[in-house]
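What follows is a set of notes on a single structure, which appears directly below.
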Amino acid sequence: MSRRLFTSESVTEGHPDKIADRISDTVLDALLARDPRARVAVETLITTGQVHIAGEVTTTAYAPIAQLVRDTVLSIGYDSSAKGFDGASCGVSVSIGAQSPDIARGVDTAYERRGGGTAPGGPGDELDRQGAGDQGLMFGYACDETPELMPLPINLAHRLSRRLSEVRKNGTIPYLRPDGKTQVTIEYDGDKAVRLDTVVVSSQHASGIDLDSLLAPDIRRHVVEPVLAGLAEDGIKLDTAGYRLLVNPTGRFEIGGPMGDAGLTGRKIIIDTYGGMARHGGGAFSGKDPSKVDRSAAYAMRWVAKNVVAAGLASRCEVQVAYAIGKAEPVGLFVETFGTATVDVERIEQAIGEVFDLRPAAIIRDLDLLRPIYAKTAAYGHFGRELPEFTWERTDRTEQLIAAAGL
């Protein structure tokens, strides 16, 4: 088989775009905690010394947005001008309006309830009432490369970025700063990951730190080597002998965070999902309540794809769903198994339709999405972390899928 190199990247919670995502999701959580039916679309721009919040919110709740911004920035680690940003003294501006009544009309009373047809529950089904918050297409993906059923490149990149933040916070490498990035290149033999080719780690650091004598050895010893050891402990077989490690390839990374680059909500959508291994519909997640199918349907598609793989119906599965704004029922469902299906793909698609209700209200109900759980999703991937709050990572429909597929 042909041998190819595939690369995925991750960033730490201190990357400017991830600060923005975290702020947006923290505001969302604060509103959902007080009003689970809040309609929220919050965008954040962070730059040198300033944070700007904008968007649309319709709610009965109050949230102290400026204080939430400051607390979030400080919790990430930006607490001093020496680090390029200080959450205690930065400027915060807030410009929030209400959700458009034209959008609200379609979400509150779906096309099906306005005489456009009836969804599977039949007349009077309450799940027919809520329409999709926008048109669009969303993808979900799963594969058997890791125990979490995620692609190995993004899985490993996230492990490295989490470890990079961990050694900064626990003082193992005390001179690190919050901003950081990781990148992993893995060699594939056909569809099988066989060898680690290259690891890139870039981390913001205090001034006066020598790359060759201090930073690079510390990163290898305290970040990369423990993470690679963890792969073996998790039963992931990968040849890691002789891999290339590049640490801060520019030679210096003292200016980082919002001083180095402006950050925006929703600008790391490939890192948030599958590291480029699967397609993406284009919609970002952070700052959006679950009436926005950009978020809730993407979570549902991960749930669907993961259950298909866990059920043994395929070893790789990508699922696409599509919606029209204001309509409850999806307008399209597409399943791709890349030649790995154990039954006809048509049977898998039919089984998905029988087992999963993909109307927005049903997704919100089944995944219990009206909870303040979203700040935890903002860094290190929305998928592949099996936390109790991440209900879309459950493999609780495998038996139903197997039965529906006729196995």
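Note that the numbers count up from 1, one per residue, in the order the chain is shown.
Glycine is treated like the rest: Cβ placed from N, Cα and C.
Keep in mind that this is a model prediction, so the values were computed, not measured.
In three-state terms derived from DSSP, Lys288 (ATP binding site) belongs to an extended strand segment. When other Cβ atoms within 10 Å of the Cβ of Lys288 (ATP binding site) are tallied across all protein chains shown, the result is 27. Taken from Swiss-Prot, the feature ATP binding site covers His15, Asp179, Gly180, Lys181, Arg252, Phe253, Asp261, Arg267, Lys268, Ala284, Lys288.
Taken from Swiss-Prot, the feature Mg(2+) binding site covers Asp17, and the record attributes it to sequence analysis. Annotation note: Asp17 (Mg(2+) binding site) sits in a helical segment as assigned by DSSP. Every protein chain shown contributes to the tally, and the Cβ of Asp17 (Mg(2+) binding site) ends up with 22 other Cβ atoms within 10 Å.
What Swiss-Prot lists as K(+) binding site is Glu43, and the listing cites sequence analysis. Applying an 8 A CB threshold to same-chain residues 6+ apart, the list for Glu43 (K(+) binding site) reads Ala20, Ser24, Ile53, Ala54, Gly55, Leu264, Thr265, Gly266, Gly287.
Residues or ranges marked as L-methionine binding site in Swiss-Prot: Glu56, Gln99, Asp261, Lys292. For Lys292 (L-methionine binding site), the count of additional Cβ atoms within 10 Å of its Cβ stands at 24 [all protein chains shown].
Here Swiss-Prot flags 99-109 as region 'Flexible loop'.
The region 'Disordered' annotation in Swiss-Prot covers 112-131.
The most densely surrounded of the binding-site residues His15, Arg252, Lys268, judged by C-beta neighbours within 10 angstroms, is His15. In sequence order, Arg39, Ala41, Glu56, Val57, Thr58 are the residues near Gln99 (L-methionine binding site), counting only same-chain partners six or more apart with C-beta under 8 A. Reported as a whole number, the C-alpha separation between Arg252 (ATP binding site) and Asp17 (Mg(2+) binding site) equals 21 Å. Secondary structure at Gln99 (L-methionine binding site), taken from DSSP and collapsed to helix, strand or coil, is coil.
On a Cα basis, Lys292 (L-methionine binding site) lies 25 Å away from His15 (ATP binding site).
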